[in-house]
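Presented below is the structure to which this report refers.
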């Protein structure tokens, strides 16, 4: 017990005497994911406004911010909770630019785009579905990299680190982003003159042929690391080439075959594969340098796939319903950060680009984690966003000029439209938990043993569901919890004046009636911050941000073996209503909800 207690106190010793700022809420869903989104008026209103805005932009009635005549795009909002049964699409919008004279003449959800580094999602998925041990060193599968004189300790580079951008190896394959035709420019800029033999023997545009896999591995032995493994995230295309070559050596199958068997066929994807795709279905930008039809070779795992809006929507939907891997827990593990950047708002996953933002729901501001992946190929930009908290996603592909900002503008516009709407819908549907619950005396219960329990819940402008009051035999139980905390854990800090409950995602059948489920919720023990600068005259105080510690106080208070923060709602899923609540630490049994 002492060890656990010190574990909680140590962060305070290192930072402040305080705990978290009021409102230090749990991560993840703050209310249950809303369902039947296709029937939601909030969603309908938001997407209708969004469609009108995009109509105005592509027609020139408002400033779009990109070359309308030369930029085609497809965008969708998806969810497993009410979206199309196959793709999950709730809403979609397509624009075929008038100058896109090649490729498809009918742009729809099955039209093909290059998706650039969104390919990394497919490759990481392939790795996660494989039978290899992700802790294995890359040299187990690519022994050519074993070389004592190599600046990189390849024996220390695991498959897992490669998939998480944490290996510290070079960003690109041999010759990538090296352009021999720029030699005159380099000299004019003062760079030293070089001979052709100074360049790598393969992979240099306009100088020599592309590297074979064997030549690539030979040259990599001489490459220098960018950092130590796990020192910091370093974005790497090369990493995906290497672990895909490792999988190919392990299975005896090439990347395209593995992708077909493990990802494309199981997900029933109809317009996804290794470039090149089908010209007649392609969205081909009318620009001089565009990548449609290119053969990406061993670079395909990091950025050489094509796909369609429907296929990417299916991918995101299967991630959101947790069915894309062997079990829901594996998918939830995938949707976790692996490292941090210097920005408080940017984390790195496998291979997710995670944006943490609190400005997308201005009426009810709170932190939202957007698990995104962007991708670019010459003339193409794609973006997928997975918002697990709400069970929704956004998919976007564009084809146009190399300097187009269309993807960035449209992506933000769509997120700004859908997230407030789905927040409103989540609050509306969570209204079924709101109300008054009162216990009833059972027929055979002695009158002297009966102690009425009353609970009142509300939804206000804060997060989760607020416990307005909880009493037993007219005793204020919420105040009682605060006093118990103060008596036993006051060193940690004092509980905030409000108590709110949040869903845990745990539910089970309540009875043999399959429509009734028990949903576990937990009270968030949020703490009032103490400010060092108010307690001491020592210099330098008040500069450290308060530490968010409510995640450390879950499941702490117990009453005779039962957690005091656990509340169980009894939900009739077929009827869409809450029929009662159980407060286990009060030994309440089921307390009926008053109509």
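Note that Cβ sites are derived from N, Cα and C of the backbone, with glycine treated the same way.
Residues or ranges marked as signal peptide by Swiss-Prot: 1-18.
Taken residue by residue with DSSP, residue 70 (N-linked glycosylation site) is part of a helix. The Cβ of residue 70 (N-linked glycosylation site) lies under 8 Å from the Cβ of 97, 99, 100, 285, 286, 287, 400, 401, 404, each of which sits 6+ residues away along the same chain. The annotation N-linked glycosylation site is assigned in Swiss-Prot to 70 (among others) on the grounds of sequence analysis.
Swiss-Prot lists 102 (among others) with the feature N-linked glycosylation site. Secondary structure at residue 102 (N-linked glycosylation site), taken from DSSP and collapsed to helix, strand or coil, is coil. The Cβ of residue 102 (N-linked glycosylation site) lies under 8 Å from the Cβ of 279, 282, 284, 286, each of these being in the same chain and 6 or more residues away along the sequence.
Feature annotation from Swiss-Prot assigns active site, acyl-ester intermediate to 117. In sequence order, 237, 302, 303, 373, 374, 375, 376 are the residues of the chain that are 6 or more apart from residue 117 (active site, acyl-ester intermediate) and have a CB within less than 8 Å of its CB.
Look at Swiss-Prot and you will find 147 (among others) tagged as N-linked glycosylation site. Taking Cβ-Cβ distances under 8 Å and a sequence gap of 6 or more within the same chain, the neighbours of residue 147 (N-linked glycosylation site) are 154, 221.
The N-linked glycosylation site annotation in Swiss-Prot covers 156 (among others), and the record cites sequence analysis as its basis. Close to residue 156 (N-linked glycosylation site) in the fold, though at least 6 residues off in sequence, lie 137, 229, each with a CB less than 8 Å from its CB.
The N-linked glycosylation site annotation in Swiss-Prot covers 195 (among others). Using a 10 Å radius centred on the Cβ of residue 195 (N-linked glycosylation site) and all shown protein chains, the other Cβ atoms total 6.
If you look up Swiss-Prot, you'll see 235 marked as active site, proton acceptor, on the strength of similarity to another entry. Look at residue 235 (active site, proton acceptor): DSSP puts it in coil. Sequence-distant neighbours of residue 235 (active site, proton acceptor) (same chain, 6+ apart, CB under 8 A from its CB) are 165, 171.
For residue 249 (N-linked glycosylation site), the same-chain residues that are 6 or more apart in sequence and have a Cβ closer than 8 Å to its Cβ are 141, 142. What Swiss-Prot lists as N-linked glycosylation site is 249 (among others).
Sequence-distant contacts of residue 461 (N-linked glycosylation site), defined as residues of its own chain at least six apart whose C-beta falls under 8 angstroms from its C-beta, comprise 363, 364. Per Swiss-Prot, N-linked glycosylation site is recorded for 461 (among others), and the stated evidence type is sequence analysis.
Feature annotation from Swiss-Prot assigns N-linked glycosylation site to 473 (among others); the stated evidence is sequence analysis. In the three-state DSSP scheme, residue 473 (N-linked glycosylation site) falls into the coil class. Sequence-distant neighbours of residue 473 (N-linked glycosylation site) (same chain, six or more apart, CB under 8 Å from its CB) are 451, 452, listed in sequence order.
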